[in-house]
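TrEMBL annotations:
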TRANSMEM  101-126  transmembrane segment
TRANSMEM  146-166  transmembrane segment
TRANSMEM  173-197  transmembrane segment
TRANSMEM  292-313  transmembrane segment
Amino acid sequence: MRRSSTDESTYHRSPSLDSKDYSFPNGAFRRYSSMYGGQFGAASNSFFGFHTNPGPKATKAKYTTPKGNKYVVFYLDLSFIFLLELKRCSMAHNCLQCIKYLMFVFNLLFWLGGCGILGVGIWLAVTQGNFATLSSSFPSLSAANLLIVTGTFVMIIGFVGCIGAIKENKCLLLSFFIMLLIIFLLELTVVILFFVYTDKIDKYAQRDLKKGLHLYGTDGNIGLTNAWSIIQTDFRCCGVSNYTDWFEVYNTTRVPDSCCLEFSENCGLHSPGTWWKAPCYETVKVWLQENLLAVGIFGLCTAMVQILGLTFAMTMYCQVVKADTYCA
C-alpha cells in the first residue's frame, strides 16, 4: 500500500548526485577543515573541492585581537618595571656604599681621637696624680679623670659606629645615633644652663675654690697643690679673689711661694710688695674672654662633628632600611 506524501515519516532520503541541494549541517565543513586543513587547504576555506563561507561568528572572531598579545604586553610591562626597580636598587646600593665608607672613616677618626684622649688622661693620672683638682666639693673632678672618662666614651661610641657602618647593622647604627644624640643634648643643656645662671655659678665657684685653699699642701692633695702652683705661676696671680685669701689658710701674713714675683725658697714670708696682687679667678676669667673666639671655634667644631656623626648614622640607617625593603 502506497504511503501518502503527506504522511510524516521518520525516514529521509539520502541526497543523490543529481540533487541540486548540497546543503550540509551548519559548521560541518569548518569542523572537518580544522581537522584536515593542514593537508587539504584549510587556509583557502576549501574541503575536498567544496568551498565554504565562514559563519558570522567566525567572521567576527577573525578580526579580534589574539589573547596571546595581551600576555606579551603584560610581560613587557613586568620587564620594564623590573628594570626600573633594578636600577633603583643599584643606585640605592651605590649610595649606601658611599655613605658606609664615609661613616667608617669618620668613626675611625673618632675612635682614634678617643684613644688619644684616654692615653693623655692615663698619663696624667700616673705621672701627675690628680692633676688640676681645684674643687674641694668634687675631689674626683680632676683633669686626668675627666680625660679618662671622655676618652672612654668617645672610644665606645666610635667603635659602635665603625662596626655598625662596616656591617650595615641597623641595631648598631641606631644605638650609635641614640648615644651621640644623648651626649649632644647633655652638652647643649649644660651650655644653656651656664649662660642662664652665670652669676650664681660665679659665686658658687669662688666660694668652693676658697674652701679648697685650705687643702693646699696637705697630705693626699698633691693634685690640688700642683694645680694652684701652676695657675699662680703661669697667670701671675695670687689667691681666688685676692692674695689675702691665703692669710685665712696660714692664719698669718703668708702666701705660697708660687705667688712671689721672683721665686725663691720661703719667699712667701716676705713683704706683700714681692707678691702678685691680681686675683686668680678674675685673671683666668679675663683670659677666657680674650680667647673666647678660640673657645667658641672649638665648641662649634665639636658640635659640628657630632651633628655630622648623627647625620651619617641616620642617613645610613634609612638607606639600609630602604635596601632591605626594595632589594629583599
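For all residues, glycine too, the Cβ spot is worked out from N, Cα and C.
These numbers come from a predicted model, not from an experiment.
Same-chain residues lying 6 or more positions outside the transmembrane segment (146-166) and placing a CB less than 8 Å from one of its CB atoms are 100-101, 103-104, 106-122, 124-125, 172-173, 175-176, 179-180, 183, 309, 312-313, 316.
Here the transmembrane segment (292-313) has long-range neighbours at 99, 102-103, 106-107, 110, 161, 164-165, 173-174, 176-177, 180-181, 183-184, 187, 191, meaning same-chain residues at least 6 beyond its ends whose C-beta is under 8 angstroms from one of its own.
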